[in-house]
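First up is the structure itself, then whatever we jot down about it.
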Amino acid sequence: MAAPAVSGFSRQVRCFSTSVVRPFTKLVRPPVQIYGIEGRYATALYSAASKQNKLEQVEKELLRVAQLLKEPKMAASIMNPYIKRSIKVKSLNDMTTKEKFSPLTSNLMNLLAENGRLNNTPGVISAFSTIMSVHRGEVPCSVTTASPLDEATLSELKTVLQSFLSKNQILKLEVKTDPSIMGGMIIRIGEKYVDMSAKTKIQKLSRVMREVF
C-alpha cells in the first residue's frame with residue numbers, strides 16, 4: 001500500500017522541481033506558501049504526509065535528520081559535493097534504515113540525493129517546520145529586553161501578547177536579552193514590529209534636538 005503513495009510523492013516533487021504547475025491541483029495545499037526549491041519539496045512532502053495523516057511523524061523525523069547532518073562523519077559522507085552520488089544514496093539508505101524512518105522521509109532524502117539537492121536539505125527542513133508551525137496555529141513572537149525579565153513580568157507580557165491573537169492561535173514566544181538597547185523592549189509578533197527600546201527613544205530625541213538647535 002505504501003508504494004503508490006511514495007511513487008506519487010516522487011512525481012509531485014519532480015513536478016515542483018521542474019516548475020510544472022498542473023499537478024499542484026492534486027496537492028493538499030499548505031496553510032502558508034513557501035517559495036523556492038526548498039518550498040516546493042516541503043509543500044509536496046506536506047501534501048503526501050497530510051494525506052497519510054503522518055504530519056507529526058514526518059516533522060519529528062526531519063528534526064532527527066537535521067541532528068544527524070550536524071555530525072561530522074555523516075555530513076562528510078552526504079553533504080560533500082565531491083563524493084559520488086551512488087555513495088551518498090547508500091549512506092542515506094543506511095541512515096534511514098537504521099533510524100527506521102517512514103517511507104515519506106526516506107523517499108524525500110533519496111529524491112534530494114538523486115536530484116543533486118542534498119545541500120538544500122536544511123532549507124527543506126526549515127520550510128517544512130514553518131508550514132507545520134502555521135498548521136498548528138502558532139504565531140512566532142520575539143521579545144528583546146536589555147536585561148532578563150522576572151517571572152511576574154514575563155507572565156504579564158505573555159497575557160498581553162496572547163490578547164492580540166485569535167482563539168485558535170498559539171503564541172510561540174522567544175525572549176532575548178540585548179544590553180545595547182539600554183532599556184524598554186523590542187517586540188516582533190507575526191509581521192508586526194514595535195520598537196520601544198530606550199536606545200531608539202534616545203535616537204529620536206537626538207534627531208528632534210538637532211532640528212530645534
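Heads up, residue numbers simply count up from 1 along the chain you see.
Just so you know, glycine gets a Cβ as well, placed from its N, Cα and C.
Note that the coordinates shown come from a computational prediction; the quantities given were computed from them, not determined experimentally.
Annotated N6-acetyllysine per Swiss-Prot: LYS54, LYS60, LYS70, LYS73, LYS158, LYS172, LYS176, LYS192 (among others), in sequence order. Positions annotated as N6-succinyllysine by Swiss-Prot, on the basis of similarity to another entry: LYS90, LYS100, LYS158, LYS199. Taken from Swiss-Prot, the feature motif 'SIFI-degron' applies to 5-23. What Swiss-Prot records for 1-23 is transit peptide.
Of the candidate modified residues, LYS54, LYS100, LYS158, the one lying closest to LYS90 (N6-succinyllysine) when CA atoms are compared is LYS100. Cα of LYS70 (N6-acetyllysine) to Cα of LYS172 (N6-acetyllysine): a distance of 25 Å.
For LYS172 (N6-acetyllysine), the same-chain residues that are 6 or more apart in sequence and have a Cβ closer than 8 Å to its Cβ are SER133, GLU138, VAL139, PRO140, CYS141. LYS176 (N6-acetyllysine) and LYS54 (N6-acetyllysine) are 33 Å apart (CA-CA, integer value). DSSP assigns LYS60 (N6-acetyllysine) to a helix. A 10 Å cutoff on Cβ-Cβ distances gives LYS54 (N6-acetyllysine) a total of 17 other Cβ atoms nearby, all chains included. DSSP assigns LYS176 (N6-acetyllysine) to a strand segment in the three-state reduction. LYS70 (N6-acetyllysine) falls outside any helix or strand according to DSSP and counts as coil. Using a 10 Å Cβ-Cβ cutoff, LYS100 (N6-succinyllysine) registers 8 neighbours. By neighbour count, meaning other C-beta atoms within 10 Å, the densest spot among the modified residues LYS60, LYS73, LYS199 is LYS199. The modified residues considered are LYS158, LYS176; of these, LYS176 has the fewest other C-beta atoms within 10 angstroms of its C-beta. For LYS192 (N6-acetyllysine), the count of additional Cβ atoms within 10 Å of its Cβ stands at 9 [all protein chains shown]. Considering only the modified residues LYS70, LYS90, the Cβ with the fewest other Cβ atoms within 10 Å is that of LYS70. LYS60 (N6-acetyllysine) and LYS176 (N6-acetyllysine) are 26 Å apart (CA-CA, integer value).
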